[in-house]
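S.K.: Taken from TrEMBL, the feature substrate binding site covers 25-52, K426, K428, S506, R533. Taken from TrEMBL, the feature O-linked glycosylation site applies to S179. TrEMBL lists H298, H343 with the feature active site. If you look up TrEMBL, you'll see N299, E328, D330, E377 marked as Ca(2+) 3 binding site. Residues or ranges marked as domain 'PI-PLC Y-box' in TrEMBL: 477-593. The annotation domain 'C2' is assigned in TrEMBL to 596-729. Marked as Ca(2+) 4 binding site by TrEMBL: I635, D637, N661. Taken from TrEMBL, the feature Ca(2+) 5 binding site covers D698, D700.
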Amino acid sequence: WLLYRDCMEGDQDLQFLLQGGDLLKVRSPTWKKTRYFKLQDDCKTVWRQSKKIFRRKQTFSLDDISAVRLGRQTEGLKKNTDEQVEDRCFSIVFKGHHKTLDLIACSEEEAKQWVKSLQKMISNMNNLSRHWIYSCLIKADKNKDDKLSESDMKSFLRLINVEVDDDYAELLFKKCDTSNSGYLAGEEVEHFYELLTHREEIDVIYGEYAQTTGYMSPQNLVDFLMKEQRQKATLADAHKIIKQFEPDENAKEKQLLSKDGFLMYLHHQDAMVLQPEHREVYQDMDQPLNHYFISSSHNTYLMEDQLKGPSSTEAYIRALLKGCRCVELDCWDGSDDEPVIYHGHTLTSKILFKDAIQAIKEYAFKVSDYPVILSLENHCSIEQQTVMAHHMSSILGSALVTSPLGQGMPTDFPSPEELKGKFIIKGKRLNKLEASFAQEVLAADDTDVTEEEESGDDDDYEEQHQKKSKLKLAKELSDMVIYCKSVHFNGFDDARRNLSFYEMSSFKEGKAMTLAEESANAYIHHNMEKLSRIYPAGSRADSSNYNPVPLWNAGCQIVALNFQTTCSDMDVNQGRFLVNGKSGYILKPSYMRDPTTEFDPITLTRGEWLKHKTLHVMVISGQQLPKVTKKKSSIVDPIVKVEVYGVQDDVAEKETNPIDNNGMLFDIAEGFNPEWNETFRFDVYVPDLALLRFVVEDHDSASENEFIGQYTLPFNSIQMGYRHVPLLNSNGDLIPAAGLFVHIMIVDAE
């Protein structure tokens, strides 16, 4: 069970971390203290020295790390350290809301070694699907003697969510303790592991096609791929799979696939539920910008709630690394003539505008090359607006779009492909874009500035208008607004008659939902010509979200959500933008780009959008589902929900029965790999707009179920057949080794 540790033995990076060393921990300009850090023997947990005698947690898991960044990249290091220590600094950024660990090493070389070693270990762990069970075995071995006593075995079973009574545990232990030594070691542990990981459903599937002396021949594999997986396959494909996945060299030489090789192939990402071609950019990226759904964030600077939560450049980094392509900057006058970003008139903390722009520049194109829209909520004075314009121009440089692409006045948006690597400003403008071609000269002038006024979506609009004095707009900032000029919405007819293609409105979720329900076809036509941005209601002080699907169904492109909040709405958003290379841009269906379309997601009249499919989903089993709580007695009672999102007629949810105490009364392997074998049927009328979501929860009959993991993907990106489904935690991060095994069939409805 020390395979994970052994496979990296002799690795210099591992040895460096196991030895550890002193680092200077930074909290403030005056609080800098030396602490000793080292990787523990489980190769998964980092121990850190603490001077607090009663401190409970002196460790953190490599699984909890989101990123390790070299240099003074965090706000804490920029604020609390001098530039001369830049090369010695690095930061450990954690998933969720845990505070970032800012550190200074003794030398530049040592800082680089820490970063390189930690990044390598994290990468290796993410790629080693079985590391979780190994680390649980190591934890259970209390004496660290590489042996499992009966007590150790019971501890291990609890760690992996299997609860057994004493009589059964004793029986299991004796079955594996073939040496009668009173403990398990060597091959006995391997036998114990095989009992745990044995999957009967794989035996059945493999047995049906392994027709060549108990193995799969290339032709057997082709038969499986074509009949069960419903995919085109040749003998050449089968040979390639055997060469890549067969672990037994003898079988590989004979061009045969063993059961282990078959299972390894089924666990590969190309064989999972998401079509591998859709992991890359596969859509036409040469259409006008407004023909795409765009991954968008609201109040991007916030890490938590809208009233007193912290603002941080880290929030921009996290959103951009999740593929977000439209970020919001809520700008106010700051001290020393430096604009700041925060949620105005609240207790949220402030960050410098220039720091946010710098962070956006550094991380904008790490995940996607396609354009980033900077949505400005401008509350600044003329003087500080000029400073904003200067910072964007000097920091973003030629990547900032400050004039239309091509020659002359444009009549339509450029495409994402044409705008690769570019930044677009969304904000107010003093005049029409056409006026700039007439060389009209304007000074700073009065204009409506705020998003709330722009939307005009409720009864308090006039009251807001009367209470707020007009803010002036600096010409330098106005001239940077090219393709996304913010204007007030006065109805679809007014927009069609009086607004140019680049003039866009923002809608509060309530107004947008009403339009999507009552005037869906008109909204779709509006969004063929213009961009629309939707944002959460101001009453969502806790940074909660709304369901983005009805707005996508109405063709709205920039449906902005609070990325910092974990919820099903964000899960669905991430599922929508999971494909097309995680570019943050998804091409709308053709009938949502056709000026003659009669498509209405509410009434669903006949048309090319109506492609009635029947979806059959069999939830077969689960693998290595993590415990929700850390209590020793906590055993997962898993339940699986299968949900369909899309047009109104497609929305549905079905669930399995829970498996009580996950193995208490079952075979030991059943406890580790729970089986449901339950089948569900769904009718999907508009597959282009549908998404499929798998949710695993810990069932509790007395209270609300606890979330374990989920996975959401577009309906048109599903692979049929026997497929593993990976699981993501509430932060959207992959849960190592955990997943579901399902069978999916999609057929044309009769």
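Just so it is clear, glycine is given a Cβ too, placed from its N, Cα and C backbone atoms.
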S.K.: Looking at the binding-site residues K25, D41, Q49, D637, which ones sit with their CA no more than 10 Å from the CA of D700 (Ca(2+) 5 binding site)?
M.R.: D637
S.K.: Is it possible to get the count of other C-beta atoms within 10 angstroms of the C-beta of S179 (O-linked glycosylation site)?
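M.R.: I count 12 other Cβ atoms within 10 Å of it.
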S.K.: Among all protein chains shown, how many Cβ atoms are found within 10 Å of the Cβ of D700 (Ca(2+) 5 binding site), not counting that one?
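M.R.: Total other Cβ atoms inside 10 Å, all chains included: 13.
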S.K.: K33 (substrate binding site): which of the recorded positions H298, E328, H343, D637, D698 is the nearest Cα neighbour?
M.R.: H343
S.K.: Which one is closest to E328 (Ca(2+) 3 binding site) in space, judged by CA to CA distance, out of the recorded positions S179, H298, H343, D698?
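M.R.: So, of the listed recorded positions, the one sitting closest to E328 (Ca(2+) 3 binding site) is H298.
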S.K.: Within 10 Å of D637 (Ca(2+) 4 binding site) by C-alpha distance: pick out those among the recorded positions T45, S179, N299, E377, and say none if nothing qualifies.
M.R.: none
S.K.: Sort the recorded positions S179, H298, E377, D698 by C-alpha distance from T45 (substrate binding site) and give me just the closest.
M.R.: D698
S.K.: Using a 10 Å radius around each Cβ and all protein chains in view, which of these recorded positions has the most neighbours: K25, K33, H298, H343, K426?
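M.R.: Most Cβ neighbours within 10 Å: H298.
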S.K.: If you measure from the C-alpha of N299 (Ca(2+) 3 binding site), which of the binding-site residues P29, F37, D41, Q49, K426 fall inside 10 Å?
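M.R.: If one measures from the Cα of N299 (Ca(2+) 3 binding site), no binding-site residues come within 10 Å, so the answer is none.
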S.K.: Could you break down the residues of the domain 'PI-PLC Y-box' (477-593) into DSSP helix, strand and coil, giving a count for each?
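M.R.: Residue counts for the domain 'PI-PLC Y-box' (477-593) by secondary structure: 49 helix, 20 strand, 48 coil.
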S.K.: Restricting to the recorded positions K25, P29, D41, H343, E377, K426, which ones have a CA within 10 Å of the CA of H298 (active site)?
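M.R.: Checking each Cα against H298 (active site), there are no hits.
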S.K.: Within 10 Å of E377 (Ca(2+) 3 binding site), Cα to Cα, which of the binding-site residues P29, D41, Q49, K426, D698 are there?
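M.R.: So the list is K426.
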S.K.: Spatially, which candidate from the recorded positions K25, D41, Q49, S179, K426 is nearest to D698 (Ca(2+) 5 binding site), comparing Cα atoms?
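M.R.: In terms of Cα distance, D698 (Ca(2+) 5 binding site) lies closest to D41.
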S.K.: Is it possible to get the count of other C-beta atoms within 10 angstroms of the C-beta of D637 (Ca(2+) 4 binding site)?
M.R.: 20
S.K.: Check each residue in the chain of P29 (substrate binding site) that is at least six apart in sequence and keep those whose C-beta is under 8 Å from its C-beta; list them in sequence order.
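M.R.: Spatial neighbours, sequence-distant, of P29 (substrate binding site): K79, N80.
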